[in-house]
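Read the structure below first, then the notes.
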Amino acid sequence: MNECYYDKRMDFFYNKTKTDTADEWTGPQLIVVLCFGTFFCLFIFISNSLVIAAVVKNKKFHFPFYYLLANLAAADFFAGIAYVFLMFNTGPVSKTLTVNRWFLRQGLLDTSLTASLVNLLVIAVERHMSIMRMKIHSNLTKKRVTFLIISIWAIAIFMGAVPTLGWNCLCDITVCSSLAPIYSRSYLVFWSVLNLVVFFIMVVVYIRIYMYVQRKTNVLSSHTSGSISRRKTPVKLMKTVMTVLGAFVVCWTPGLVVLLLDGLNCTYCGIQNVKRWFLLLALLNSVMNPIIYSYKDDEMWGTMKKMICCFSEDKSQDRRSSRIPSTVLCRSTDTSGHYIEDGIIQGTICGKGDLGDKGNS
């Protein structure tokens, strides 16, 4: 019967797998990684909070697609928390960690990845339900969307806890990986292959859906007299989702391939030399998503911009008491059909008159 090592610290497992953590995280490399990581995490917290607040504030976003988009932003926010925890528990510190603390460190990262991945799958289903009927939004009720969001996080937490629940190498150190010294190589193969397969499936599905939307839009445009902007809205939403998916696949695929190579026990692949950079690339995905939302969705950008302007005005109104309080004019509920007019007022008050033009673009 194999001996189990639950009471050992991580230095025991790092030594067994001959993984040197000290040399890779010292000097200029450590400073660069920590500086970029800190900046990215701060941006992740602020930008994704704005996305969530915009969906809550603007009633035009009170539809299943945007609820799921806000949940994706919440997953990115959670990823920021996971990376902050990682920064304080990595490098030379890794060897001093207990087994449970190391499981927590990796579990947070796995949970954030799974939450984003499952959320994108649910968005794919929502988009499929909508565009097959050529509707902007699906008929999902708020209760069903709430259930889906809860299910997404339940699946994510479970997948993040799988190694802790038993699929590890604490009782058989001969099958331990080098990147994750207490994860079984078989688990890394399962984890990476599962995610890569889901990536491929989603890419194929979204390409098929996008081609369908383009074909139907071209047919309907010559037979209907509806609003041009309304006909283009499903296409614009699909472009947003496909851009988010593309960024997700590009940022996460290299790291998953490295995990797969480690699971296959590739000793000549040099995976130790690239792992930290691929981790930063994965972190970059949570930075890119809020930028994609605001760039691809004019109304999302307008709502976020107004909130920033209102916050700035609230901070400076005491120093400009002679002017009309801008917060009164900034409190737009975004429920009326005068979005463009509100945007022009807001842009004028905040010194950024281009909002009205952006809303019309």
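Every residue, even glycine, has its Cβ placed from backbone N, Cα and C.
Mean pLDDT of the predicted structure over the domain 'G-protein coupled receptors family 1 profile' (47-293): 84. According to TrEMBL, the domain 'G-protein coupled receptors family 1 profile' annotation covers 47-293.
Per TrEMBL, the feature transmembrane segment maps to 30-53 (among others). When Cβ-Cβ distances below 8 Å are used as the criterion, the transmembrane segment (30-53) is approached by residues 69-70, 73-74, 76-77, 79-80, 83-84, 87, 91, 276, 280, 283-284, 286-287, 289-291, 293, 300, 304, 307-308 of the same chain, each at least six residues removed from its ends.
The annotation transmembrane segment is assigned in TrEMBL to 65-88 (among others).
Positions annotated as transmembrane segment by TrEMBL: 108-125 (among others).
Outside the transmembrane segment (145-167) by six or more residues, the chain places 64, 67-68, 71, 75, 100, 103, 106-112, 114-115, 118-119, 122, 182-184, 186-187 with a CB less than 8 A from a CB of the stretch. According to TrEMBL, the transmembrane segment annotation covers 145-167 (among others).
Annotation comment: TrEMBL describes 187-207 (among others) as transmembrane segment.
Summarising the annotation, TrEMBL assigns transmembrane segment to 240-261 (among others).
Here TrEMBL flags 277-295 (among others) as transmembrane segment. Outside the transmembrane segment (277-295) by six or more residues, the chain places 33, 36-37, 40-41, 43-44, 47-48, 50-51, 69, 72-73, 76-77, 79-80, 83, 86, 112-113, 116, 240, 243-244, 247-248, 251-252, 254-255, 258, 301, 304 with a CB less than 8 A from a CB of the stretch.
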